[in-house]
There are 2 protein chains.
Amino acid sequence: MPTRKIPRATAKRLPVYCRYLNALLNANKRRVSSTELSEAVQVDSATIRRDFSYFGELGKRGYGYDVESLIKFFKGILNQDKLTSVALVGVGSLGSALMNYNFHQSTNLRISAAFDPKPALANTIKSGIPVYPANELKKQIKEQQIDVVILTVPASQAQSVTDDLVEVGVHGILNFSPVRLSVPDNVQVQNIDFTNELQTLIYFIESNHLNGQDE
Amino acid sequence: MPTRKIPRATAKRLPVYCRYLNALLNANKRRVSSTELSEAVQVDSATIRRDFSYFGELGKRGYGYDVESLIKFFKGILNQDKLTSVALVGVGSLGSALMNYNFHQSTNLRISAAFDPKPALANTIKSGIPVYPANELKKQIKEQQIDVVILTVPASQAQSVTDDLVEVGVHGILNFSPVRLSVPDNVQVQNIDFTNELQTLIYFIESNHLNGQDE
């Protein structure tokens with residue numbers, strides 16, 4: 001396991017590398033050059049080399065990268081051999097879409113419980129996932145030992161639900177609300193804010209300060 | 001307008017700053033200290049100062065920041081005074097959720113057209129947005145002069161739809177498919193991949209290499 005602090009941008013690319021390498025392996029390709037890898041994942045090769053350097057030497061000059069050992073390595077880092085159960089809080093239209101989302105199937109992520117205060121949804125099964133009433137949130141999260149939560153509640157409830165989640169030991173929140181959550185240092189928050197993403201995209205179009213894909 | 005190349009991470013924080021500053025203005029606050037700002041947006045003050053430094057001097061030591069001039073400044077950068085019409089391609093469950101999404105209302109973003117090949121959806125109005133059949137994509141995008149597209153089509157169609165969009169002059173794609181799109185240099189792609197986001201979150205929980213929120 002790596003011991004150096006790696007940038008979040010690097011961490012976000014690891015699943016991208018991993019997925020492409022799996023496709024190569026399925027096609028019986030054993031080796032990949034840094035140029036091929038770069039073109040396939042649309043990340044420039046200097047960035048790839050820098051990313052890989054955080055994890056030590058993984059390629060050989062003139063040979064490229066060994067597909068199988070790279071996969072094994074990244075899977076270990078990404079913990080893809082272990083099933084991670086995730087809860088989803090807030091079954092609105094976005095929450096429902098995420099319950100439908102297949103998370104690339106190949107990975108070991110699974111939404112195992114959902115929560116919503118609407119009486120019509122409580123104690124039903126939706127997209128194969130049990131929906132519990134909101135007042136069972138703390139009990140179920142604790143009993144099911146869920147560590148990671150997808151938060152799709154309205155902005156007005158985001159912080160109070162977060163406080164409950166932290167109280168019962170959740171360590172990671174994928175936050176879709178526009179609220180900047182306040183959490184203790186041992187809890188990780190990853191924000192996905194569609195408005196920000198669109199505004200950033202438009203900013204880059206207008207200013208054309210960066211080229212191509214995000215890193 | 002800024003002329004220096006700014007990091008994508010900085011650009012992503014601009015809407016966050018902007019939104020908080022608007023809330024302050026609505027509460028009749030005229031001034032904000034860097035500490036208050038830092039706590040409210042959950043970004044450490046060194047990062048805030050570095051972000052602001054890309055745009056020149058915006059605060060005064062001992063005084064903090066002037067709320068109104070900051071807002072005016074960021075709005076100009078983010079082009080929030082101009083309405084941007086966005087198209088959405090692929091009205092599945094995620095596409096529908098995004099059509100329902102209000103993009104914080106306060107901003108000048110609007111999904112003005114949606115596209116889907118399903119006959120039942122074609123030529124209907126959904127969440128107030130006209131849904132056109134897929135074979136009208138190029139015609140409508142051109143006629144409506146749409147520059148920015150939200151892509152929520154299945155992975156298998158992502159690249160071919162992208163090629164069509166590029167052909168009719170689209171310059172920005174918010175890509176929800178797991179495919180790494182290949183586009184010319186003058187087209188910006190912003191990827192949102194829920195699986196990657198979850199895996200990155202889990203990676204940071206397990207390794208605890210970073211603290212708090214993403215930057």
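FYI, residue positions are counted from 1 along the chain as it appears here.
Each residue, glycine too, has its Cβ placed from N, Cα and C.
Any TrEMBL annotation is an automated prediction that lacks curation.
Shown for the DNA-binding region (B:16-55): DSSP residue counts in helix, strand and coil, namely 28 helix, 2 strand, 10 coil. The feature DNA-binding region is assigned by TrEMBL to B:16-55.
In the three-state DSSP classification, B:G95 (NAD(+) binding site) falls within a helix. The NAD(+) binding site feature in TrEMBL is assigned to B:G90, B:V91, B:G92, B:S93, B:L94, B:G95.
Restricting the average to the domain 'CoA-binding' (B:79-180) gives a pLDDT of 92. According to TrEMBL, the feature domain 'CoA-binding' maps to B:79-180.
Note on B:V91 (NAD(+) binding site): other Cβ atoms within 10 Å of its Cβ, all shown chains, come to 25. Taking DSSP states H, G and I as helix and E and B as strand, the domain 'CoA-binding' (B:79-180) has 31 helix, 30 strand, 41 coil. Counting other Cβ atoms within 10 Å of each Cβ, the lowest count among the binding-site residues B:G90, B:G92, B:G95 belongs to B:G92.
Residue environment of B:S93 (NAD(+) binding site) contains 17 other Cβ atoms, counted within 10 Å of its Cβ in all protein chains. Taking a C-beta cut-off of under 8 angstroms and a sequence separation of 6 or more, B:L94 (NAD(+) binding site) has the following same-chain neighbours: B:T152, B:F176.
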